[in-house]
Amino acid sequence: MAKFRVRVSTGEAFGAGTWDKISVSIVGTRGETPPLPLDRLGKEFNAGAEEDFEVTPPEDVGRVLLVRVHKAPPARSRPLAPSAGDAWFCRWLQLTPHGAAPLCFPCYQWLEGERSLVLREGTAKISWEDHHPTLQQQRREELQARRETYRWKTYIPGWPRCLDEETVKNLNLNIKYSVAKNTTFYLRGGSALAELKLKGLLDRKGLWKSLKEMRRVFNFRKTPAVEYVCEHWQEDAFFAYQFLNGLNPVLIRRCHHLPKNFPVTDAMVAPVLGPGTSLQAELEKGSLFLVDYDLLAGVRTNVINGRPQFSTAPMTLLYQRPGRGPLLPLAIQLSQTPGPNSPIFLPSDDKWDWLLAKTWVRNAEFSIHEALTHLLQAHLVPEVFALATLRQLPHCHPLFKLLIPHTRYTLHINTLARERLIAPGQVVDRSTGLGIGGFSELIQKNMKQLNYSALCLPDDIRARGVEDIPDYYYRDDGMQIWGAVERFVSEMIGIYYPSDESVRDDSELQAWVREIFSEGFLGRESSGLPSTLGTREALIQYVTMVIFNCSAKHSAVSAGQFDFAAWMPNLPPSMQLPPPTSKGQARLEGFLATLPPVNATCDVVIALWLLSKEPGDRRPLGTYPDEYFTEEAPRRSIAAFQSRLAEISRDIQERNHSLALPYPYLDPPLIENSVSI
């Protein structure tokens with residue numbers, strides 16, 4: 001019978017090689033071969049190796065449809081071999097029939113223990129393109145197996161549902177951190193922990209003695225951005241700047257009508273607005289902006305070191321000066337209920353009154369950012385995308401190939417967060433002003449409001465009326481990246497979906513969209529999230545939204561956490577005294593007494609240090625070393641996408657050279673492909 005040449009590529013990661021025996025069965029239109037050993041003299045399947053073998057099927061199986069890869073312990077144990085169940089990472093397998101062109105079978109999966117894996121030739125196929133019963137059956141069986149491996153659970157009622165695993169130790173190797181990434185993650189955390197413990201800060205439950213003493217927290221990992229924040233945090237212009245380019249640049253919106261519960265008057269704001277204008281005139285011009293933390297009203301608070309903590313639901317009115325003048329705060333009210341016990345604080349007030357009011361706003365910013373912008377929208381929602389992709393799209397589906405790089409390690413970091421960050425007694429529960437109870441209430445509230453347009457950057461920018469506010473780098477860089485992703489996705493969809501009807505007829509795609517709607521958005525029709533997709537245009541927007549939120553959006557709201565929070569007064573995680581009910585009472589001593597205690601400060605800063613930087617094993621946006629696509633057309637689109645991202649990066653870096661505080665969080669080489677930290 002004719003021989004086949006088999007070329008096998010083993011991954012380069014630590015532990016990717018195996019001592020186990022590998023064999024293949026070739027499945028064709030006329031039948032299937034028995035397992036054909038891939039064996040030769042010496043050790044095979046070392047990490048990073050590409051090896052050639054020859055196999056001879058006992059009979060002609062016809063046109064090749066599938067390859068089954070079998071992994072089993074060696075018949076005889078080798079003296080230096082580890083246990084027989086060691087894992088193997090197969091990158092790809094190439095099968096060359098005699099006198100024919102090679103067939104490439106992408107894999108990029110771990111095989112653990114004694115098991116078999118079915119691989120398909122690399123051409124991406126939608127279900128309606130598979131006409132052979134064997135291929136149709138393979139799709140069904142693959143998805144059934146995946147649904148048994150990756151199951152949904154309700155972690156907290158009212159939250160998006162998530163992966164049903166209690167600990168990262170139990171995770172399938174295919175969704176688990178690499179050894180290198182895991183090791184670096186814990187080493188970095190351990191070094192910060194040890195340093196603050198040696199300084200005697202981590203276990204100190206009392207107040208900070210002075211503002212100067214707080215610098216000791218971040219001396220272990222200074223960055224230019226941290227130094228800038230420490231120097232400028234009291235300035236009104238920097239306070240306002242952070243609504244545009246800080247950790248949470250998604251709340252500010254143009255204000256055309258003052259809320260009835262925020263009774264700001266002309267006399268209050270005249271010192272900032274200047275002569276010849278009024279509140280009404282500026283509202284009509286569109287130069288006023290509002291940041292409202294109304295979701296915090298009534299949310300439960302935490303107890304830290306035996307002391308109850310406090311929270312507010314403030315509103316901040318901001319003014320954009322004519323030309324390119326800085327955005328400035330005009331007024332702050334620390335509750336949603338105006339009255340004699342809820343004064344409106346102004347820049348003309350006493351220094352400590354005004355600074356304390358701004359600091360209460362920054363505490364609200366911490367709570368809303370960490371619970372909603374970061375945890376809910378940049379972790380829990382991307383986990384829904386990742387889990388639905390694994391459960392509803394087979395390996396050969398073009399959308400699986402397109403999206404799987406954007407789900408890398410998301411299930412690991414979120415499982416770790418449920419285990420070590422947001423579980424009872426962990427960092428959020430022991431050291432933040434809301435605790436996990438308050439975080440949970442916020443998420444449940446926000447889930448009733450979260451809508452599709454908030455996840456689509458162009459729609460979000462329009463809805464908030466911030467298309468033309470100057471120096472809004474989150475918007476500028478984000479829109480460039482959204483555009484590049486959208487163009488890339490449009491090309492890829494154009495390759496595989498010839499018409500709107502082809503979108504509607506893709507049952508796997510429709511099941512994927514339906515599961516995201518039902519499991520992630522809990523079937524809430526008011527979210528505006530589609531439960532079906534009927535056109536190529538709708539599919540392009542939807543896939544662009546998924547990729548953007550799993551990469552750029554996460555980077556924008558996560559990578560700067562240490563930069564903006566290491567100087568704790570700029571973003572306090574908790575407040576120990578009630579908000580002021582009158583003016584003229586604030587002093588430095590009371591300001592220090594309001595801020596979180598030393599141990600809670602250190603606890604949170606260490607967590608944010610860990611969560612701000614990828615611990616190695618990175619894959620920047622547009623980097624696809626796992627070559628799931630084997631056809632020329634998608635490869636050309638990937639190359640064009642990478643070229644466009646490089647142009648965007650050059651533009652961002654050129655702009656950043658002229659900024660006192662650069663905005664690097666949406667520079668493509670610094671954006672990870674997926675939510676992985």
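Each Cβ is built from the backbone N, Cα and C atoms, and glycine gets one as well.
Per TrEMBL, these features apply:
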- 2-125: domain 'PLAT' (DOMAIN)
- GLY15, GLY17, ASP86, ALA87: Ca(2+) 1 binding site (BINDING)
- ASP39: Ca(2+) 2 binding site (BINDING)
- TRP110: site 'Essential for stabilizing binding to COTL1' (SITE)
- 125-677: domain 'Lipoxygenase' (DOMAIN)
- HIS374, HIS379, HIS554, ILE677: Fe cation binding site (BINDING)
Spatial neighbour of ASP39 (Ca(2+) 2 binding site) that is closest, considering only the binding-site residues HIS374, HIS554, ILE677 and their CA atoms: ILE677
Binding-site residues: GLY15, GLY17 - member with fewest neighbouring CB atoms within 10 Å: GLY15
Secondary structure content, the domain 'PLAT' (2-125) (per DSSP, counts of residues): 0 helix, 59 strand, 65 coil
Spatial neighbours of TRP110 (site 'Essential for stabilizing binding to COTL1') among the binding-site residues ALA87, HIS374, HIS379 [C-alpha, 10 Å]: ALA87
Most Cβ neighbours inside 10 Å, all chains, among the binding-site residues ALA87, ILE677: ILE677
Neighbour tally for ASP86 (Ca(2+) 1 binding site), based on other Cβ positions within 10 Å of its Cβ: 17
Pairwise Cα distance for HIS379 (Fe cation binding site)/ALA87 (Ca(2+) 1 binding site) [Å, integer]: 29
Neighbours of HIS374, HIS379, HIS554, ILE677 excl. site residues, C-beta within 8 Å of centre, Fe cation: LEU375, ALA378, PRO382, ILE413, VAL557, SER558, LEU611, VAL675
Cα distance (Å, whole number) from GLY17 (Ca(2+) 1 binding site) to HIS374 (Fe cation binding site): 37
ILE677 (Fe cation binding site) and ASP86 (Ca(2+) 1 binding site), distance between Cα atoms, whole Å: 27
Fewest other C-beta atoms within 10 angstroms, as judged across HIS374, HIS379, HIS554, which are the binding-site residues: HIS374
